[in-house]
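Before any comments, here is the structure.
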């Protein structure tokens, strides 16, 4: 549609495309627009319809309740509203869904239902938050002041996003592994998703799949790739084909990035209101009798997994003692504003852009994405 030209021409092309989907497709589309507060767009499409050549077509504006597969029984969330029909013209064979962006341009994104993960349950999934704040004296790791602020924000946010939230605080490495394995062994058959959030000190590690390691309160670390693999298709059958999301607030190493000067309109960030700390610990190289992984070594790609890191591998992740970490604070704000209208990857781009503009020392979040479909949260 974007190649059609002006906004009016795009609307005209959309009407033409909908006409190929059967007689009910356009009325259904208008009904969805009005039900979701997009009445102005519906009016504009009707005006464009009246301008099309040929005899005027009657427009049925009665409300239509739809789901992803075209059944007319339960209203689905905005991002899962069906709008197309199959080749036979039968509305019951609807296979497309609509995602409405509430931006200034009121952009419409039309995608097929099989390209979007369905979140039908309530709760839609489990969310485990591991929050390590106080570390043993022998670990030589500092208290992570501000982490409880992060934890409280994410507890509230994921409850709002219809997750069953479980929080564990100050766990040793083996206790962390036990909690993660316990979650992976649960029966997730009635659920649609799983989320793991880890707030702790971190380090750089040798790896094959996912970089970085997470410290328990005893100073022992767990590789992130080991954490992720607890939930892969081999070890957690009830989550096969379902999205498994990991959010890691921890350092990936001890490097401090001062950034570089660019000519752009990047906003300057306000000075931190509290003391600034990192979650870094030095990289511990493997002993001489341990083989380094080959640079071209590879494993089968784990499907339906996304790991969001607070910082680039090898670099520190910043946390303010009063307001929490840059990453979690920004992630929570973005989820609050956009979880009802944007997919997860788009929101993570917003997080990366906002965090990268902060501070004298720089930080940029990123992710390892092996999702097969678009992921949209559904809010209460």
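Glycine is treated like the rest: Cβ placed from N, Cα and C.
According to TrEMBL, the feature active site maps to 201 (among others). Taking all protein chains in view, 25 other C-beta atoms sit within 10 angstroms of the C-beta of residue 201 (active site).
Residues or ranges marked as active site by TrEMBL: 251 (among others).
Residues or ranges marked as domain 'CARD' in TrEMBL: 1-48.
Summarising the annotation, TrEMBL assigns domain 'Caspase family p20' to 123-255. Predicted-model confidence for the domain 'Caspase family p20' (123-255) is 92, expressed as mean pLDDT.
Marked as domain 'Caspase family p10' by TrEMBL: 295-379.
Per TrEMBL, region 'Disordered' is recorded for 263-291.
Residue 251 (active site) counts 31 other C-beta atoms within 10 Å of its own C-beta, drawing on all protein chains shown. As a summary of secondary structure, the domain 'Caspase family p10' (295-379) carries 26 helix, 18 strand, 41 coil according to DSSP. A distance of 6 Å separates the Cα atom of residue 201 (active site) from that of residue 251 (active site).
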